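Peer 1: The active site annotation in TrEMBL covers B:18. Residues or ranges marked as active site, proton acceptor in TrEMBL: B:66. Residues annotated as Mg(2+) binding site in TrEMBL: B:18, B:202. Summarising the annotation, TrEMBL assigns substrate binding site to B:19-23, B:31, B:35, B:63-65, B:67, B:69, B:183, B:189-191.
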């Protein structure tokens, strides 16, 4: 019916696409988790995730970036799509290496990228099947065509995804039966991410409420996801069969499916994600409307703690707003973006990636920023890696910390200033500031009368990075979950 | 406030909870049991004040000088206060009482206790029934020094500072002046308590020890207060030998 090689891409994307009907569907959250697990089970993707991804420590940031990216790719505007595809290609081109068994991985490998798209498509189909509303053949064909066009828009030959649906299913079954493995990334997602999922920035002040909810929801999401995976893969990867898991999984999909009866506009995935990743310090107007709710939740949290017989003892964080953190805290909260306990290039690349995404940088600004971070990494490595294992441990950092505002770090500050200063007038105005920090000047820049000078910017950046000062601007940017 | 406040109910009552140690000594009990017995009085007085329509109640629980007491007693007090706060938090909240803690800056205060103080403050923050200020690790002079620091930091010119302006830099600047201070056990000292706010307060020194102090004593103090003639340093109606210009 719909052949993606003949149909123009315009007809496959945009607000009328099948993809957009799914995008705001609450079942899609479950489907996305499932797709991510299937992606992580691919040995190459699993290795890339383990090495470079910041999703364990910053899952909410990652979620928001993914949703924004998907929206751009499936949006109506062709120019936006091409720009986003180019950006994704640059991002993926920076992700390559070898896994623990010295097998190479490369995020640009067309096979790998085809598998990512395949999991998204298959999980969307499965989500409908599992919630008792299977797609009819025409809709399924249309959806498949859209996802093939998505892959094609990335510049890969569409040939890596089979041209017809029947061929796709045999491709998919073969992948599940032969290629997928019980990778470490898969286990981390299933058993670590959900049990330790950090609170989204918006709920950051309510650790008790969050922990209580997560203790129930975390294992449930893991169980639901496992139960929804293809049976042959579950068997091969040695994933547990839990009694009742299938029923729980079906109920979850059914219940999420019922939400489609809610009035239009009640569930907007992108808005929800945007809201959750909003920093409580932000001056976003939406924040005012939820401040009341937040205050009530805070009180609930306080009451829970007060009546709990053995209260959760949080570390005496900052001891009443101490403006500077210890080297160990700074290492874990800011530098170690991948959360593996070591500082290495992927950590700094993760920072560079987040900054590029925030600022929506094009070439050559993006490469300049990455290069500045790479130079900083070499500077850190030379100064700190005393045992020569190619990475910096927390102890190595803590010992050497006073000597840390080297020329490469100052260069990072300057390059970041240039990238933020989009109009190149040597000062950052409110709009440019908002692009980077998602908040206006008001409290964060002392005495800035509508502009933020290069020297003040560099000074604040260094105070955060080398002086380890808390910052209402940089903390949400680099430490927010 | 002027003559209109004569014979009206006090808006802000403060209690210096004195006599726990002597109460215990008289019974040949350890000092700590006096503190433990004080809990009943605290709850009784809070309840009496609320029902009598007092809008602001302040309790002097622990002064900056109290750190000089024996370590075991200080530890016991910290533990006791924590237990009392946690035990009565839901009740205080249910009664619509807004709780807050004046002081609480010393790092020697256990983090868990400070956390509970913060939680109780958060929990009851929106209540408007009565405001209960617990002065814990409080020193009146310290508050004034802090206000002066904050004033200097804000960079106001010296000429612009008046009483109202200065008071706005004190902790909890929305707290009205204290109308009545009750110090139990017959001791007659200020002991560095809310120095700025007690400037025009009436003082009462009932001889009863704090653990024996109950709602009737409290109401008796309110009655006496209402019979007193408060002048706020203004010219009283009849003054003998007052030189006239």
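Glycine is treated like the rest: Cβ placed from N, Cα and C.
Buried or exposed, and what's around them? Tell me for each listed feature.
Peer 2: Neighbours of residue B:18 (active site), defined as other CB atoms within 10 A of its CB across all chains, total 21.
According to DSSP, residue B:66 (active site, proton acceptor) is assigned to a helical segment.
Counting only residues at least six positions away in the same chain, the Cβ atoms of B:20, B:76, B:77, B:80 sit under 8 Å from the Cβ of residue B:35 (substrate binding site). Under the three-state DSSP scheme, residue B:35 (substrate binding site) falls in the helix class.
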Peer 1: Is residue B:183 (substrate binding site) helix, strand or coil when read with DSSP?
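Peer 2: It is in a strand.
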Peer 1: Please list, in sequence order, the residues in the chain of residue B:19 (substrate binding site) that are at least six apart in sequence and whose C-beta is under 8 Å away from its C-beta.
Peer 2: B:34, B:184, B:185, B:187, B:208, B:209, B:210, B:211
Peer 1: Whole-number answer please: how many Å between the C-alpha atoms of residue B:66 (active site, proton acceptor) and residue B:18 (active site)?
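Peer 2: Taking the Cα atoms only, residue B:66 (active site, proton acceptor) lies 12 Å from residue B:18 (active site).
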Peer 1: DSSP three-state call for residue B:202 (Mg(2+) binding site): helix, strand or coil?
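Peer 2: Where residue B:202 (Mg(2+) binding site) sits, the three-state DSSP reduction gives strand.
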Peer 1: Secondary structure at residue B:19 (substrate binding site) (DSSP, helix/strand/coil)?
Peer 2: coil
Peer 1: Return the residues near residue B:202 (Mg(2+) binding site), defined as same-chain residues 6+ apart in sequence whose C-beta is under 8 angstroms from its C-beta, sorted by sequence, else 'none'.
Peer 2: B:10, B:179, B:180, B:181, B:225, B:228, B:230
Peer 1: Just to verify a number: CA distance, residue B:18 (active site) to residue B:190 (substrate binding site), in angstrom, no decimals.
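Peer 2: If we compare the Cα positions of residue B:18 (active site) and residue B:190 (substrate binding site), the gap is 11 Å.
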